[in-house]
Amino acid sequence: MDKKEALGAFALSAIITLVFFYKIIFGFVPFPGDLLLGEAKPWSTYSYFGYNPGSIPNKAQYPDVIRQLYPWKMLTVDLLKSRQAPLWNPYNFSGSPLLANFQSSPYYPLNIFYLIFAPIVAWTILVMLQIQLALWFTYLYARKLNISTLASWFAGISYALSAYMIVIVEYNTMGHVIAWLPLVLLSVEFLKEKFKASWLFVFIFALSSAALSGHPQLFAYLLIFTWIYCFIRTKNALLLCIFSLLSVGIAGIQYLPGIELIKHAARSAYNPSDLVEKLLIKPWQLLMLPFPNIFGNPATRNYWPMDTYAGKVSSIGLIPLFFLPALWRARNQPMVKFFAGVVAVILVLITVNPLSLVLSSVNIPLWSTSNPTLMMFLVSFALSVLCAIGIDAWKAEKHTKLKLIKRTGAVILGFGIVLTTLYFIGKSDIKFVTASRALIYGFILSVAVCISIALAIIRPKLMQVALIFLLIVHGGDQFMQFHKFNPIVPASYVFPPAPVTEFLREKAGINRVWGYGNALLGSNLATILKVYSTDGYDPLYPRLYGEFINGSRQGYIMEANRSDAMIVPGFGQEDLPSNTNRLRVLDALGVRYILDRAENASTTKTFPPNRFAVVYEKDGWKIFENLLAAPRTFIAQSIETYTDKEDFSKEFFRNEFDPGTTVLIESSTKLSLSKPQGGSAEILNYQPNYVEIRTVVPTDSLLYLSDSYYPGWRAYVDNKETTIIKANYAFRGVSVPQGDHVITFRYDPWSFATGKKITILAIVITLVFLMRKRKS
């Protein structure tokens, strides 16, 4: 394979990708805007583009793009463009780390497109690049293994457009990790022949890019697989493994803050029963390998197993699988043995069987805290390569008509038995109707394969034509699967204006907002709206805050939820005033604006006029001002102590406690203050990583700020550093001296500073070694 072929493959992979995303020519984008306008409040309550409110048809896919990935990415890009480090998100969880949550992935190299193009254009480019890069790199890797050109395209399409990639592509993170895998392996193959600086650079760059893509679990699987591959394929394995650690060092700016957050996060191991029941693949679900829709498809609302489709679907397309039997002829080839072993081992690990049950019962890092089926991308890749080798092995076979008849008969008999069984067992059951449709579709594809193979055997000169035909049909099959699952919508569907949120943006300032009953806004939407919320949804968020906010349920500190931190929702006319614990938390967190919907049928019992004042009423929405909400920052007029969670809960939730004047601190806190005599606190500047407050106090006092307490925040009194006190269990306090002073909070975590140094050092070491290697 020469450079000309590689560049030609790049161009063709770009064309194939454009075919799959042909709608972008007409102004469409790969984004779940259909779900946003159809089901997410407040947009689902408004009429857009001629549709009645909430009636826009949607595929119900990628809710996490709406409530996590896109808002985080937009905030990250905004901060980078304003030359601020994307360290902190002030809009959700009453403040939480942004860089450290990994999925914001601010330092991924391809994010350069966000600095050049409009946000949704850059988003679209990166979605497409996942498929193009995976396709191109897989083709190059297959060619390096001396697989024929046509079979290499089979491998590329099978992996880049596997069901695994299809169902994650619009997350715009996971696909960027797995797209680099074939390039990593390609560089290993070249380095095996000659340890050249250029390919060592490719090796380190590809691994670093994968590390910075935003999904540490997937990268961990990729890195471990790379190590195994190196030891099997090259004598320089140990050296390559050492260089692979440089890629981890280059990602230090991302991973050190992430590790710090993991230590302080609410995330915990999965319950072993959940691992078995919801995450691991049942053996019968392996039928989704040849028939991805045999149990339905969530995009068409007929997927019936009580688990996740994305974690179970394993298909690379039916057509390539027909060439797997030909591998028997090539069974002694090292790569066949290796990739067959990869498939076998990983399927044992991620399916329900005695070994996986034992592993699930033990708290193993990476395994028990994430979804083991994430490893399925390695199965998809291995099968894609095996099928490509199988195509070449089939071409080399001695073909006979008898062999053709036997294989065709076996296919027809197999489908016949399955369909007949389904017909008699449950012909009227929707589950079996769904399965029958998938099998009939698979049978049609199988007929196309059998006819093409028959033509190639009868007329050997047409073998290449037959394989090209099958490649086109295979691409068409994946095209249908792609568009069946993925929403591609008009660009105008991407967070269009909503009057109620426009009002909040103008009115709320830094005061927090919350939705009651049917007015509850989706988690993390506050980030994209640039309004401040108490709630949030993230696999990684500060544990202390999660424990505090759970107190809104029953009035005592509770264990934080795994991914959600939210004030307990309310429903009905009397639920809001009757839960005094929730009111206490709302007041303490400075929730000044509460949204309400007409469907709640709220009355003055729900929102008593002496406590709540209507400030907005339009289109079925009401916004109440909470007149008793504590200021976001204030000088404590009373300071009390607590010893533990129980003691804090007892004090904080007692009827007499005033969250607008009183602050609770740990009894072990060293704080020497005279009796507080009041004073004033005014926020002068409020930025994600920086808060500036002016205080005027007649005596030494305690300044309280209702933002999350988290390591890395530093406080300064007139530019002189002071200690941040943990106040009200999960928030910030600072001792301020008598007089007029400026108090600043800066988020400058040790983990980021150290991670940045590690990244710079790793880059310097890499460049120095590469330069010396090149000279030598």
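Placement of Cβ uses the backbone N, Cα and C atoms for every residue, glycine included.
Per TrEMBL, the features are as follows:
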type	residues	note
TRANSMEM	7-29	transmembrane segment
TRANSMEM	112-141	transmembrane segment
TRANSMEM	153-179	transmembrane segment
TRANSMEM	199-225	transmembrane segment
TRANSMEM	237-256	transmembrane segment
TRANSMEM	309-327	transmembrane segment
TRANSMEM	339-362	transmembrane segment
TRANSMEM	374-396	transmembrane segment
TRANSMEM	408-426	transmembrane segment
TRANSMEM	438-458	transmembrane segment
TRANSMEM	465-482	transmembrane segment
TRANSMEM	750-770	transmembrane segment
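Highlighted: of the candidate stretches 112-141, 153-179, 237-256, 339-362, 438-458, 153-179 has the greatest count of Cβ pairs under 8 Å to the transmembrane segment (374-396).
Touching of the transmembrane segment (465-482) and the transmembrane segment (199-225) is ruled out by the presence of fewer than three CB pairs under 8 A, sequence neighbours closer than 6 excluded.
Simply put, out of 7-29, 112-141, 153-179, 237-256, 153-179 has the most Cβ pairs sitting under 8 Å from the transmembrane segment (309-327).
In this chain, the transmembrane segment (750-770) touches the transmembrane segment (237-256); three or more CB pairs sit within less than 8 A of each other, excluding pairs fewer than 6 residues apart. Beyond the transmembrane segment (750-770), the same-chain residues lying 6 or more positions past its ends with a Cβ under 8 Å from any Cβ of the stretch are 85, 87, 99-100, 197, 200-201, 204, 246-247, 249-257, 259-260, 711-712.
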